[in-house]
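Record features, source Swiss-Prot:
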- 118: active site (ACT_SITE)
- 164: active site (ACT_SITE)
- 26-102: domain 'EF-hand-like' (DOMAIN)
- 433-566: domain 'C2' (DOMAIN)
- 287: phosphoserine (MOD_RES)
- 285-318: region 'Disordered' (REGION)
């Protein structure tokens, strides 16, 4: 037991004792129930794994492995209380049911949510940051499977740059981005990478792109049979280790001054280090859209406009080699949203809508959007006024079946944490099989419908530890140990979305909250468990202490060790919570 000294005023000091982790009362009770004379034998541990941890297929060999890993060489016949507590709080006691790919990967691409980036080359904001291949590499190393490149003629108009057009962003050469994709596409996942090209090139430069892409990607490149359109998308399993090109025609850009964009986007950035709470994680409010739309269905983010007028032009003027690259065709038919959502039985395609366009369309056409996404791909992207690279609530798009919910991966905050949480599922491969409710053709899911509760998730937050080892002792408070509290809740369909909070425990590096929360879920297939730890500060904003977001459908029941992550989504070295997860 060590002591810490904190300054008080100018000439006084206070000392606090730092205690060690001890098993919570409920853990001690469980140990007593599954032990004999202070020893949990392998047979009794196996009973515990089946009864409490709900590991129905657990074996005696697995129980013995736990004993071996948690005990000293002199006590391999079972677990004492300290060793039992050590096993429960070990990072190997994961809250996720599987850390490997375990879903069916043989369905068409349209049956999966796909980890998707927006303006993947930007290092910061949308207006003046540098363009580089480094954010692309970083995204691929995090499992992102869709990379977006805006391609423009360079200043001499004889080469191709990647940059955010009509802004002050500095360019990066296309060839650097393509080489980065080739080198890192399959660092963490063998499943396909889609490169979406926002094309602003002449036919001559398009021919150069075709040559570059073909030379650099080589046999990795997947192209459909010459002259044919895909009638159905191939599966992720079929496309393993392949790269696909998805593109749409050159576009006319609306004129907008930098000052206009700054004025519109100034209040959209996250104001706190962990990001302000996303309003639609609390409630879904459509009144803003209705009041501000003025009957105009256009979106301000012009660099994502799918217009089939341009599509006809590119097919007429583009060199054959360039057209042959396109594995996933993009297009937005004339005639408004009803035409956009028509399903062609002989052809599949990709449609892009901004977050605002999707919200407007979903007011009247929610079921049609879901039906469209059963065969076709829907990409949703941030509205153009998000110049700080902030993000939006992805659940609205996912609940309508949108596969490519495009995010600014540099836009830290709660929205990105939810995105990262979703794609921790299925082994982190970047593809999550959509739930059956979004794929039924005979009973199309209505995201706006009020549904009965399917199950209730009960979460017990026992305690946390690790901050003492990861942070200086005055990191959270100069005058005393930290005052931690935990926020726990659900991101999901509107009926399921909620956030709750534990009490604040003062002056404690190892807080033991021991509080229980229950979350009724109407659509557990689309729910994510959110946990955040903060340190209460009376005079300033609360300090960030860690966060995690996990897909509910992949949770393991029982008592689990939950490692927390920092604002970037990187796992903390030591910080973790002890929780119990139950479906009741």
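In case you wondered, yes, glycine gets a Cβ from its N, Cα and C as well.
Comparing residue 118 (active site) with residue 164 (active site), their Cα atoms are 11 Å apart once rounded. Counting other CB atoms no more than 10 Å from each candidate's CB, the active-site residues 118, 164 peak at 118. Residue counts of the domain 'C2' (433-566) by helix, strand and coil are 13 helix, 58 strand, 63 coil (DSSP-based).
Shown for the domain 'EF-hand-like' (26-102): DSSP residue counts in helix, strand and coil, namely 40 helix, 7 strand, 30 coil. Along the domain 'EF-hand-like' (26-102), the predicted structure has mean pLDDT 93.
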